[in-house]
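Have a look at the structure below before the remarks.
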Amino acid sequence: MTRIGIIGSAGRMGNALQAAVAAAGHEFAGGIDKGGDPLALAQSSDVLVDFSAPGALEFNLDAAIHTGVPIVIGTTGLEERHHWLIDSAAVSIPVLQTGNTSLGVTLLSHLVREAASRLGEDWDIEIVETHHRMKVDAPSGTALLLGEAAAKGRGVHLADEAVRGRDGITGARKAGTIGFAALRGGSVAGDHSVHFLADNERLTFSHLAENRGIFAKGAIRAAEWIIGKAPGRYTMPEVLGL
Ligand SMILES: NC(=O)C1=CN([C@@H]2O[C@H](COP(=O)(O)OP(=O)(O)OC[C@H]3O[C@@H](n4cnc5c(N)ncnc54)[C@H](OP(=O)(O)O)[C@@H]3O)[C@@H](O)[C@H]2O)C=CC1
Ligand SMILES: O=C(O)C1=N[C@H](C(=O)O)C[C@H](O)C1
């Protein structure tokens, strides 16, 4: 039986994760929220699962490094400096970070990369996401993950091409850019659409999450998978064999 420690355990995802831990027959090693001690949690866990807040990341990684415990990070709203911290932690422990742990989005990112690699720059790419009214970050981690997939398919860097929201006299759309738009409201668990728009034809890939169980299930699968792996930074496609 695997002991799974949850960071952000009282949150929306924390609750879904506790249910998924029980459903998978694992042991809930304990959970922490703001003000909790990640080191004590890591000491009693075989693996940590972090769905909390970007401000917690450094302490959570330190606890995982100190104890040698692998960590799955689902927290979004991460900035470049957070990714440096993850890269540096991955030198000594196994780390998996993703903006979306669901099977559907993991497969979708492959499809988007493939489409972007085959469709030329005359196909504009726009990513639209909708989330519940309590979500604090935008664009969503998933939208950014899908944007990265599109950029990889095109052989460009997302940071050079991303247009994150438009307002006012923006001018005509610049060829090759990848646009993002975010809607917030209600209780939507997470909807994402990647639009490829050309003259006279459009192709849209969509993923609709009906509840948080899909993220929790994927996160527990990642937690099971990462135990015993060599230090390194891993991805959801590796977990799901895609
Ligand atoms: N990768 C994926 O597949 C998914 C990722 N997410 C991401 O997961 C994160 C959590 O989402 P959600 O559960 O909806 O958010 P909630 O706000 O419901 O929960 C966040 C939890 O994290 C806790 N927390 C905040 N700061 C810290 C800290 N410094 N140390 C430990 N715990 C802390 C909060 O505690 P307190 O209330 O005490 O502040 C709260 O219990 C978000 O970044 C979200 O985008 C969500 C769904 C899927
Ligand atoms: O905050 C959420 O709820 C979600 N966050 C993740 C994201 O930012 O993409 C994943 C999912 O869409 C739900």
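Just so it is clear, glycine is given a Cβ too, placed from its N, Cα and C backbone atoms.
Record features, source TrEMBL:
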type: DOMAIN; residues: 3-100; note: domain 'Dihydrodipicolinate reductase N-terminal'
type: BINDING; residues: Gly8, Ser9, Ala10, Gly11, Arg12, Met13, Gly74, Thr75, Thr76, Thr98, Gly99, Asn100, Thr101; note: NAD(+) binding site
type: DOMAIN; residues: 104-240; note: domain 'Dihydrodipicolinate reductase C-terminal'
type: ACT_SITE; residues: His131; note: active site, proton donor/acceptor
type: BINDING; residues: His132, Gly141, Thr142; note: (S)-2,3,4,5-tetrahydrodipicolinate binding site
type: ACT_SITE; residues: Lys135; note: active site, proton donor
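Same-chain residues at least 6 positions away in sequence with a Cβ under 8 Å from that of Gly74 (NAD(+) binding site) are, in sequence order, Met13, Val49, Asp50, Phe51, Gln97, Thr98, Gly99, Thr101, Phe215, Ala219. Using the Cβ center of His132, Gly141, Thr142 for (S)-2,3,4,5-tetrahydrodipicolinate, the list of other same-chain residues with Cβ within 8 Å runs, in sequence order, Thr76, Gly99, Asn100, Glu129, His131, Lys135, Asp137, Ser140, Ala143, Gly190, His192.
Cβ neighbour counts within 10 Å, taken over all protein chains shown, single out His131 as the most crowded of the recorded positions Arg12, His131, His132, Lys135. Cα of His131 (active site, proton donor/acceptor) to Cα of Gly141 ((S)-2,3,4,5-tetrahydrodipicolinate binding site): a span of 11 Å. Across the residues annotated as binding NAD(+) (Gly8, Ser9, Ala10, Gly11, Arg12, Met13, Gly74, Thr75, Thr76, Thr98, Gly99, Asn100, Thr101), the widest Cα-Cα separation comes to 20 Å. DSSP assigns Gly8 (NAD(+) binding site) to coil in the three-state reduction, placing it in neither a helix nor a strand. The Cβ of Ala10 has fewer other Cβ atoms within 10 Å than any other of the binding-site residues Ala10, Gly141. Cα distances from Thr142 ((S)-2,3,4,5-tetrahydrodipicolinate binding site) to the binding-site residues Gly8, Ala10, Arg12, Thr76 are smallest for Thr76. Following the DSSP three-state reduction, the secondary structure of Thr142 ((S)-2,3,4,5-tetrahydrodipicolinate binding site) is helix. Separation of the C-alpha atoms of His132 ((S)-2,3,4,5-tetrahydrodipicolinate binding site) and Arg12 (NAD(+) binding site): 11 Å, rounded to the nearest whole number. According to its DSSP assignment, His131 (active site, proton donor/acceptor) is in a strand. Around the Cβ of Gly8 (NAD(+) binding site), a 10 Å sphere holds 24 further Cβ atoms from the protein chains shown. Per-residue pLDDT, averaged over the domain 'Dihydrodipicolinate reductase N-terminal' (3-100), rounds to 98.
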